[in-house]
Structures are given as structure tokens and as C-alpha cells.
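Working notes, structure below.
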Amino acid sequence: MIYCVEDERNIRELLVYTLETTGFSAKGLADSRELSAELKKELPDLILLDIMLPGEDGFGILKKLKSNPSTRDIPVIMVTAKEAEFDKVRGLEGGADDYITKPFGMMEFVARVKAVLRRSQKQSEEREVRCGPLSIHSGKHEVKLNGEKVDLTRKEFELLQYLVENKGLVMTRNQILCHVWGYDFDGETRTVDVHVRTLRHKLKEAGNRIETVRGVGYRIEE
Ligand code: CA
């Protein structure tokens, strides 16, 4: 899924149309509010981000995306109407993966999109963390136990990933809730216990690596 954040309707529709005819799924969004709403539902593989937008501009949006752990790794291509070098440099320094200057040809546009997706795919494949017999692949959302794929729900995966990223440290139930379920999650810490239980079960012999620290939370062994 590719999100195209662009306030000019004609351009937005053209971008979405071009991506869809190339075989991608794409969604056009007019401003930062629409983007925020969509990000809560689904994280895209790539964001095309116009700079001059009503309300919050592309630079502000980019900064927010890059400072949030859940959106940090989504590649961003900045779309700028000004050819000034200034915009390009600012965009790249802020963590954009590429930029494209309007007006641009659709062939070039698609080539850029494909190149950025290829790079990010490669990076995410390299993002594999090991923990004993477990290997956790954050890009593919995949866990393997002795090379065999383990079928986890999204929350179970995120829980395991969080514990492994903090290997050796005790994470409190509240920390886990905030990180995995989000700050605005309106639930109980018991949710964490329930997920740890199913996760341990699914991880079989590797499950007892998740240690309960009484009255505090959970820790995964080094
Ligand atoms: Ca614009």
C-alpha cells in the first residue's frame, strides 16, 4: 500500500491512478489529518509526501513520521513544486528517502517508487534479530523457531519483538501496554498476561525464555 499525500486533486488522482495501473495499491490523501487517520488503520510500504500542503506542511509531517517508532521505517518520497535545492536538502536531511520535483513524468515517478521500495525491502530483510533458537524478522513480521515459521498474531509478534529488542531488561506491564497497544489503549494490564501466555505456548520450548518477574513484568533472557 502506498499513500499519496497531495492537496491538488488532479495530481493526487493521477498519482494514485498511475500506481494502480502499475500494480500497486494506492490511496490518495489530501492533508496531514487524513494521513494520520489512515496511519491508525494501516501502515503503508511507502508515503509520497507533497511539501506545500494546507495545515501542516510536508516537513512537519516528515519529522513526526520519523520520530515515531511505528512509522519511522516507512520510506518517504518528498514531492516538491519548487526546484530550489533548499527544499531538496531539507527533505533529505529530515530523513526522506528520495525527492521528486514537479512536474515529473510518470515513467520517472514509477521508477523512483520502485527503487525506494527495493531499497527498503532490502533493509528490512537485513533487520533480523536472533534470540536463541528464535529469529525475529521485523520487516516481514515473521518469527522462526529453529528455522520453522511460527504463526503469531500481530500483537503477539509486537510483544515478542519488544521483549527481544530489550533483551535482558525487565519490561513492566504498563511499558508493554504503551508500546504494543498504544498510549490511548483503554484496557487492563491483564491483556499483557493473556498474550504472554499464548505467546509462550506458541513458542514451545523457546517460550520459557520469557521470564515472569513477579509484580513487575516480563523479561526475555539474553
Ligand atoms: Ca501542494
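The backbone N, Cα and C atoms fix where each Cβ goes, and this holds for glycine too.
Quick look at what TrEMBL annotates:
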- 1-117: domain 'Response regulatory' (DOMAIN)
- Asp50: 4-aspartylphosphate (MOD_RES)
- 126-222: DNA-binding region (DNA_BIND)
- 126-222: domain 'OmpR/PhoB-type' (DOMAIN)
Task: For the domain 'Response regulatory' (1-117), the number of residues DSSP places in helix, strand and coil - done: 55 helix, 22 strand, 40 coil
Task: Overall pLDDT for the domain 'OmpR/PhoB-type' (126-222), taken as the rounded mean - done: 89
